[in-house]
Amino acid sequence: MRRAGRCGRQALEGSPMENGVGQELGTLQTPAAEGTPDPHPSHPRPRLVFHTQLAHGSPTGHIEGFTNVKELYTKIAEVFGISPTEILFCTLNTHKVDMQKLLGGQIGLEDFIFAHVRGETKEVEVTKTEDALGLTITDNGAGYAFIKRIKEGSIINRLQTVCVGDSIEAINDHTIVGCRHYEVARMLRELPRAQPFTLRLVQPKKAFDMIGQRTQSSKSLSEGRVASGKETLRLRAQGPATLEDGPSPFEEEAARRVDDLLESYMGIRDSELASTMVEAAKESPGAAQLAHDLDSVLGEFAFPEEFVAEVWAAVCLSKEAQE
């Protein structure tokens, strides 16, 4: 498992830092008399305060005290007086619909959070003339699946009303809110050829200077992750958030390769899922054990054996490249 990082910087006079997060000291205990052991030794407690804005424009707010994505959305919603369900996804350090800057399970301590909220709803009719639609799906961890990439020359790419960042709300009037991205990708793959179907999409609200993206390269090394060497706040589905060291060059490269495999096999991109698989591979002696480990923690994905073998090979190649 990734080693938890230490708080590398103490707060200065309890004031927030300029970029994205402040660390404030907790209440200090009164020192015990000289020569008497202090039963309650004072330990500074870092208080992480992140800066946030609505992506289409708003004053700057400050949030703290969240341990997972749903709680993060709730905190942002409280600051701006909106419902958490209005938030489609968040990006780090940019207000644009930039899929390389998506907030996943880690936030750098100096990252600035931009929340993209619901804009206009639109419906588009699609006819599958090929097995693949050309969509890469991801989700926000709080019930909304959305389009992360549109393949050039694909069926969807020919529909100008469909854009990267659009949330998929329903397929043929069947709501998919609350479904994970791999479930939505599976539904789309299973739709029959030559039979039209309808997608109900919600686009993120845009400011006057924001232009929706049509396509997005999948080859970025960062995928919205902070640079190696920085401490990050790791959000978890269960348990408290933790401060950890940033991913090593090997981990970043391995996660990128595995993320590419997820897109090829499943039509999804998920940097956090890729990182989880890399962590499992680091602890496994071979592909067979990795298949068992992944089945025990990610059984709902039902990864085929040939895919797990590809994951194992990708992690090994990444390790060799860094040695």
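The chain as shown is numbered from 1 upward.
Yeah, the Cβs are placed from backbone N, Cα and C, and that goes for glycine too.
TrEMBL entries are annotated by machine, without manual review.
The range from 1-23, 47-69, 116-138 that TrEMBL describes as region 'Disordered' is residues 1-23. DSSP labels the residues of the domain 'PDZ' (123-190) in these numbers: 13 helix, 22 strand, 33 coil.
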